[in-house]
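Novice: To start, I am sharing the structure in question, which I have written as C-alpha cells.
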C-alpha cells in the first residue's frame, strides 16, 4: 500500500551517527569534550574582550561575534546528538586585512559605525537565510514515519526525504552557495593575497615566517569550513552511503567552532595578557 503524503508530520526519525553500539560511550565522551571545549573557549574569548579595554578594537569586536555565533551554532545540534546517544531516542521536533595593508588608516577606516553595520548585516543575512529555508520547507509534504540518515535535520537530507517537488528549494541552495563562494570566500582569499604581498616585502625572515604561520592556520580553518560545506551540498554521496556527508557535517558544525578560539584569538599576545590578568588577583587593573 502506498504511503500517504502528510504535510503535518510532527517529528522525524534521525538515524544518528553510523557507529556501533559498543563504541557509543567513547564517541559520546569525545564529542562531549569537543563541545565543552568549544563553549568554554568561545565564552572565555567573549569574557576577556569584555573585561580588557585594550581589546576593545574592531578586530576583537568581530572575533567576539564569531565566538558567540560558534557557541550558538554548536549548541543547536551537538547537545541533541549527545542526548540521543544516551537515551537512544532519535526524534527531533574584513578587519585583519585593513590592519596589515593599511595600518596608518586602520582606526580611520574601521570606525565603530562601520563595525556595527558589518556585524548587523551578517546577522540579518543569516537570519533571513534561515527564515527563508524554514518557510519553503513548511510548504513541503513528508510521508509518515520519515527517516533521516543523519544526526541532525540537515537541509539536504530533509529535502531528499520529502514527497513534494523540491526544485525551488534546491535552486535556492545552489544560488546561495554560489553567492557564498564568490563573495565571502573570494573576499577572504583576496584579503590574504594582499596581506601576503605586503608581508613578503618585509626584510626580516623571522617576521615573515611568523606572519605566514598565522595566516596559514587561518586559511586552514577557512578551507576546512568551506570545503566540507561544498562536499555536502555540491558533491553529496550517491546511493545509500551517507558516511561522507555525516563526517563532512561534523567538520563544519563541530570541529571548526572548536578550532576558532585557538586559531584566531587565544594564541595571540593580547589575549594571553588578558587571560593572565583574569587569573590574577582581583585588584589587578584591566586598563592601564
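Placed from the backbone N, Cα and C atoms, the Cβ positions cover glycine too.
Where the annotation comes from TrEMBL, it is an automatic prediction and has not been curated.
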Novice: Which one of 114-132, 133-151 shows up in TrEMBL as transmembrane segment?
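Specialist: Based on what TrEMBL states, transmembrane segment spans 114-132.
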Novice: In terms of Cβ proximity under 8 Å, which residues at least six beyond the ends of the transmembrane segment (25-47) contact it?
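Specialist: Distant Cβ neighbours of the transmembrane segment (25-47) are 17, 19, 63-64, 67-68, 70-71, 74-75, 78-79, 81-82, 85-86, 254-255, 257-258, 260-262, 265-266, 271, 275, 278.
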Novice: Cβ under 8 Å, sequence separation of at least 6 from the ends of the transmembrane segment (59-78): give me the contacting residues as numbers and ranges.
Specialist: 31, 34-35, 38-39, 42-43, 45-46, 49-50, 94-96, 99, 115, 118-119, 122-123, 126, 151-152, 253-254, 256-258, 260-261, 264-265, 270
Novice: In the same chain, which residue numbers or ranges, 6 or more beyond the ends of the transmembrane segment (212-234), come under 8 angstroms Cβ to Cβ?
Specialist: 154, 156, 173-174, 177, 180-181, 185, 188, 192, 195-196, 199, 244-245, 248-249, 251-252, 255-256, 259-260, 263-264
Novice: For the domain 'G-protein coupled receptors family 1 profile' (41-82), what are the DSSP-based totals of helix, strand and coil residues?
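Specialist: The domain 'G-protein coupled receptors family 1 profile' (41-82) comes out at 39 helix, 0 strand, 3 coil.
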